[in-house]
Amino acid sequence: MAEANTTTSMATPTPSLVPDEHTIAPAPTIWDMLAKMDYFAIETKMILSALIIIYLGAHASLRRPPSAAPPTKLKRKAGKLVVDDEKEHFAQGFQASDAILFPFLAGGVLIGLYYLIKWLQDPNLLNKILRGYMALSGVLGMGIFFGDGLQSLLNLVFPDYWADRSGRVFEIDPVSRTQKLLKLPQGQDSEMEVDPKKGLPLPGFASELSVSAGFRKAVWTARHLLKEECVLSLVILNRVVKFEVTVTGLVGLLISCTIEGLYLQTNSTMLSNILGLAVCYSAFIWMSVTSFAIGTMVLVGLFFYDIVMVFYTPFMIAVATQVDAPIKLTYETAGRSSLLGLGDIVIPGIFICLALRFDLWRHYQRKVTRVEENLKTVSNQDSNINIGNATETSTDNELTTIKTAYRTVKTPFVDPRGQWGNQLWTTSLRSLISGQPALKAMSDVSFSKTYFHATLFGYLIGMLSTLVVLIVFKHGQPALLYLVPGVTGSAWLTGLVKGELKDMWKYTEDGSLDVEDVVVEVDGEGKVIEEKKSGEKDAEVKEIKDVKDKDDGEKKDGAKKGGGEKDEYELFRFSITVPKEDSLKED
């Protein structure tokens, strides 16, 4: 939240009224801070909270980069394997105009809150409204936060792969309810052999536990129910809405609702911090700065906004200290407190998330290969013409031209999210020493995170600089004054040192880089001359979709004509459908 975009330290309890423009709550001296180590404990908690949520949110925001091919997913339907046409998730991207609008919009909201508090004289009513709004709007974000955490724990208990001490890798097959030994785990399509001793879908010695047949079946069923996606159907006024959820996601949503209710009843600072961190986590998943250029512009715009609002106006500190809502992180001890606005986490955080996705793009970009293709053209001509790398033959007034081109082939994407359980169970001392993962599929899960680590380190330096200046000048500091140069500067400096500024400028998440495997022409040095862009690909996809929609429409019309329309009008219906075990997904 931009309106609480500040880091400040207070030595006295927060006053009930908005402080005067020229009055600042007294801050402790440097000697007092050294004498009381709880101050440093507070600041350490604040910095660690910000770093951890950015780290988790950045990895949760990972998705297929434009340099990787979509994975081919199969699922069982009516006893047959069919392609799973699940849509990919794309975050909402910023535009260049947002860099201009954001500071003015944030300033308008902040000034409005300031004068509203002064007019009310008592911010309790405003705090109740803001707490209620943030609680309702944060239910889904907190549900995702806890759902992802439970899913990670579930993957630890029920991994898909695991390796024993001798380095043998096993795959847990939910369809046949067996564990299979991979004879060549480093190969593309390894042969598998069923191990009859391992009857449970658990890693290690637990897979060979001697249990009854009923208990074994119950464990396999529990794994199926917990790992598979359910279909949540909601009917309101005869309109049907369906979307896929997991059991862990539903449990996370229940936990979220419970915490929200407790927060509204108790106004607990700890629960407020949890809600604020969950809001940051969901923002990292749903938001994107699109490119490094746009991200830098957005951060620089808010950089000047933060300076003006903290140093030259009373708005920022007044609102930050008076509003009691989950738009900031608050850490308190008996005599002091420290505040960090969510904007100081979200704004630099979405740029750091972009850096991690750029690292993933670079990883798959290095795996792109070009396969030689011969393009054959037959035409009626009376004379032969020699053109570059084309070979021509002529028979009976027919000219056959064979032109050499190259097809760009991308590596299929392996989603690194939720794979830490497989990584943990397949990592052995041998693989750590050799640096080679025991399973080929895990080689794409781990990738170099140069830009991510650089920007995260820049964020840490910016936070430490903020606290040092806060101690020296005893005044609330605009954290973005130090965070923006630290984050953006570290990213561009890394690109300069590695000679990848051109790639940084080229990289974008607006979809223009997402091209399919295409045939390209290259010059004598192997550089691409021309390439089919995503616009042509989108046109083909749209045409296929239109045909599919037309066929679906015809089927529905035929069903209505054959069986007649229903007379019932459903007001409300809610259902959760769990897939049968004969319709298990297979990746």
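Glycine is no exception: its Cβ is also placed from the backbone N, Cα and C atoms.
Taken from TrEMBL, the feature transmembrane segment covers 39-58, 99-117, 129-147, 243-264, 270-289, 296-319, 339-360, 450-473, 479-497. What TrEMBL records for 531-565 is region 'Disordered'.
Sequence-distant contacts of the transmembrane segment (39-58), counting only residues of its own chain at least 6 positions beyond either end whose CB sits under 8 Å from a CB of the stretch, comprise 7, 9, 28, 33, 273, 277, 280-281, 283-285, 329, 331-333, 336-338, 340, 344-345, 348-349, 352-353, 356, 452, 456, 459-460, 463-464, 467. Only sequence-distant pairs (6 or more apart) were considered; of these, fewer than three Cβ pairs between the transmembrane segment (296-319) and the transmembrane segment (129-147) are under 8 A, so the stretches are not in contact. Among the recorded stretches 99-117, 129-147, 339-360, 479-497, the one sharing the largest number of Cβ pairs closer than 8 Å with the transmembrane segment (270-289) is 129-147.
Here the transmembrane segment (339-360) has long-range neighbours at 1-10, 46, 49-50, 53-54, 57-59, 61-63, 65, 106, 276, 279-280, 283-284, 287-289, 291-292, 295-296, 298-299, 302, 320-321, 326-330, 416, 447-452, 454-456, 459, 462, 479-480, 483-484, 487-488, 491, 504, 507, 509, meaning same-chain residues at least 6 beyond its ends whose C-beta is under 8 angstroms from one of its own.
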